[in-house]
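**Student:** A single structure is presented below for examination.
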Amino acid sequence: MLGFLKRPIVMTTDINLNVVVLTGVGLLSRLWRLTYPRAVVFDEVYYGQYISFYMKRVFFLDDSGPPFGHMLLALGGYLGGFDGNFLWNRIGAEYSSNVPVWSLRLLPALAGALSVPMAYQIVSELHFSHCAAMGAALLMLIENALITQSRLMLLESVLIFFNLLAVLSFLKFSNSQKHSPFCLSWWFWLTLTGVACSCAVGIKYMGVFTYLLVLGVAAVHAWRLIGDRTLSNVCVFCHLLARAVALLVVPAVLYVLFFYVHLILLYRSGPHDQIMSSAFQASLEGGLARITQGQPLEVAFGSQVTLRSVFGKPLPCWLHSHQSTYPMIYENGRGSSHQQQVTCYPFKDVNNWWIVKDPGRHQLVVSSPPRPVRHGDVVQLVHGMTTRFLNTHDVAAPLTPHSQEVSCYIDYNISMPAQNLWRLEIVNRESDTDVWKTILSEVRFVHVNTSAVLKLSGAHLPDWGFRQLEVVGEKLPRGYHGSMAWNVEEHRYGKSQEQKERELELHSPTQVDVSRNLSFMARFSELQWKMLTLRSDDSEHKYSSTPLEWVTLDTNIAYWLHPRTSAQIHLLGNVVIWASGSLATAVYTLLFLWYLLRRRRHVCDLPEDAWQRWVLAGAVCAGGWAVNYLPFFLMEKTLFLYHYLPALTFQILLLPVVLQHINDHLCRSQLQRNLLSALVVAWCSSACHVSNTLRPLTYGDKELSPDELKALRWKDSWDILIRKY
C-alpha cells in the first residue's frame, strides 16, 4: 500500500530560457529607478486624484472608461500604505513623503515588462521561427514610447498587457484544440481569453477593439467547426456552447463585477455626486443621503418638495423662483408677462422649495392621515417663500419663443387670469394608480389649460435672470425627453399654515421617517449610462494630435520638466521601429492581396499550411493594428500620441513575421537571403542606436544642453541616422 514511498517523486518541467531572460531584461528596463522623477508626471495628475478617492472611499465618475484600471492603480497605492492625502493639483508637483511612488507605478511597470516575453510567445504560437519571436520581443523591449508609458502611473501599458494576453490565450487555446479539445489546458486558455478580454475592456473602452478582434477570429474558427463532418452534432454544440460561455458570458459577468467592487468601495459622497440622479446620491453616505435619508416616501397634498431636473444637462438644477420678475420688454423688442421669474437653479437654495396644493382646498399643510398624490391627479405648485402659484400662459418664453413662458402668477388685474393647474404624470409608473414617490418617481407636469409640458430648455438667461437656466412650457412635445422629467429630491410634510411659520419650516432640516436603498443594478445602469453619454471638455490641448500624425511621428508629448535643470521626459517613439512597422503593414497588405488574386486564378504560391499561417498572422497582427487605429478617425474627442500605442504593439508583432516570410518564400537564392540578413542587421543597429539616443528623454535622468535637445527633435532624427550611417 505504501510502495510508492520506496521510489522518489520526480517532477520534470520545460523552462524556456529565452522567456526567462526576456522577462528579466524587461523588468530591468521598466523598474530601473522607477521612483524617478518623484513628481507628478502628465496624466498622473488625474489618475492620482482617483486613487485618493479610492483610499478615502469617495465616489467619483471618470467618463474615460470603466473602473478596473483605476482599481489596479489604487491597489498599488493600498499595498504601499497610501492614505490618499496628497493634493493632485498640478503637473510637476513634488510628491510628499507619504506617497509611495514606487508602489503606485509598479503595476503599470510590471505590465509593460511582461508584454516583452508575451510578444515572443505570440509569434511562437503563430508558428513562426524563434528568431522572429525574439525579434518581436526585442522591439517591444527597446521601443521608447512603450518604456516611457509603462514607467508612469498610467493605464496604456496595462491595457496593452491584457490585449496581448487575450490574443496569446486564444492562440494557445486554438493550438490545443487540434490535439486535445476539452482537456484542462483547453478550458484554461479559453477561459483566460474571456477574462483577459473583459479586463482590457474594464481598463479602457479602447479594449473593446481587441475584444472584437478576438471574437471575429473565434467566430471564423467556430464556423469551420460547424463544417467539420467528422464531429457529431452534440460535439459541435458543446464547442459552440463553451466558446459562448467563455467569450461572452464570462466577460459580461466580470465587467459587471468590476462595477460592483467599484461601488462597494466608493460608498461616500464626493465632488461628482451632482452628475448622478437624486436616487443615486441618496445611496451614498453623507451629502444628499444625510439630508434625504428617511424622508416621507409618498408625496401628499400639502407636501413641501424640491424638484430636480432628471435630465441634468447642461447642469444639474432645481425648479426655482424668486421675487424678481421678467423684464417688460426684452432686448429684441418682444414683450413679456412681467410675472415672477421661474428658472432652474444649479445650487441648493431655500427658493427651490414648492408646496403641492390640492386645487379644491385652501390648506397648505398635510392632512391627517396624509392624502397621497397619484398619477393623473391635478395639482397646484405654490412657491414656498413667495406663496405664488406656478403658472404658464400663451406668452412666448424669453429665449425659446416657440415655447410658453413659465412664471409664478402675479395678479396685475389686466385681464390675464391665472392658469395654474397642472396634471401630474408619473413617467416610470407601473400602473395608472401609482403614488408619487420621493426620489424614485420621475414625473411630468402637463398644463391643464394649454397641454404644455414643464420643461428645462437648458438656455442660460441674461443678467436680468441671474444667468440661471430657462424653464419653459413645451406646447407640442414630440415624445418623452429627460428635460421634461422631474423628481422630488428633498421632501417634508408641511405643518404650518401661516406664512411666517412656514418660512421657518422651509429653512429647517427635513424629518426622518422612512429609509430606502437603491439596488446595485439600478446604480450600475445609471453609472454606465452616465459614463457613455457624459462628455468632458474636448477643447484643444497643446499636445493633442491627429491619427495621421501618429503614423508619421510628427508629434510628441512633453511629460515632465525638471524645475531646476534641463532634464525632461517626453513621449517619443523610435522612428526606425514606427516607420518599419508602417512599411511592414503595407507590405503585408499588398502581398496578401497578391496571393489572394493568384489563388483565385488557382495559382498557389504558398503551401496550404504556410498560407493558413500567413492569413492567421495577418488577422491577428495587421487586424489588431487596424481595429486599434482606424476607429480614431471617427472619434470627435481630443486625441494624443499614446492612443496609438495599442495599435503599435500589433505592428511590432507583424514586422518580424513579414521579414521571415520574405526570407522563406520570396528570396530565391542564398545571395538574396544574405542581402536581406545584412539589411536586417543594419536595421536592428539603427533601431538600437535611436533607442539609446532617445534614452535621456525616456528616463529623464540626464541634463541636456540646448544643442542636445535640438538634436533630439523629431525633424532632426533622420539626420542623426544619416550622420552615423
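Cβ atoms here come from the backbone N, Cα and C positions, even for glycine.
Automatic prediction, not curation, is the source of TrEMBL annotations.
Dumping what TrEMBL says about this protein:
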DOMAIN    296-359  domain 'MIR'
DOMAIN    370-427  domain 'MIR'
TRANSMEM  15-32  transmembrane segment
TRANSMEM  68-88  transmembrane segment
TRANSMEM  100-120  transmembrane segment
TRANSMEM  126-147  transmembrane segment
TRANSMEM  154-174  transmembrane segment
TRANSMEM  186-203  transmembrane segment
TRANSMEM  208-226  transmembrane segment
TRANSMEM  246-267  transmembrane segment
TRANSMEM  571-594  transmembrane segment
TRANSMEM  614-634  transmembrane segment
TRANSMEM  641-659  transmembrane segment
**Student:** Does the transmembrane segment (246-267) come near the transmembrane segment (100-120), with 3+ Cβ pairs under 8 Å (pairs 6 or more apart)?
**Tutor:** no
**Student:** Tell me, what is the mean pLDDT of the domain 'MIR' (370-427)?
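**Tutor:** Here the predicted model's pLDDT, averaged over the domain 'MIR' (370-427), is 90.
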**Student:** Could you break down the residues of the domain 'MIR' (370-427) into DSSP helix, strand and coil, giving a count for each?
**Tutor:** 0 helix, 26 strand, 32 coil
**Student:** Looking only at residues six or more beyond either end of the transmembrane segment (126-147), which have a C-beta under 8 A from one in the stretch?
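**Tutor:** Distant contacts of the transmembrane segment (126-147): 18, 22, 25-26, 29-30, 112, 115-117, 119-120, 157, 160, 171, 571-574, 577, 613, 616-617, 620, 641-642, 645, 648-649, 652-653, 655-657, 659-660, 684, 687-688, 690-691, 694-695, 697-699.
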**Student:** So which of 15-32, 100-120, 154-174, 208-226, 641-659 is most in touch with the transmembrane segment (571-594), counting Cβ pairs under 8 Å?
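**Tutor:** Result: 641-659.
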**Student:** Find the member of 15-32, 100-120, 208-226 that has more C-beta pairs under 8 Å to the transmembrane segment (154-174) than any other listed stretch.
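**Tutor:** So the stretch in question is 100-120.
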**Student:** In terms of Cβ proximity under 8 Å, which residues at least six beyond the ends of the transmembrane segment (15-32) contact it?
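**Tutor:** For the transmembrane segment (15-32), the list is 106, 109-110, 112-117, 120-121, 130, 133-134, 137, 140-141, 147, 150-151, 699.
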**Student:** I need to check the long-range neighbours of the transmembrane segment (614-634): which residues 6 or more away from its ends have a CB within less than 8 Å of a CB in the stretch?
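**Tutor:** Those are 122, 126, 128, 163, 167, 171, 206, 209-210, 212-213, 216-217, 220, 547, 550, 581, 585, 588-589, 592, 595, 606, 643-644, 646-651, 653-654, 657, 661, in sequence order.
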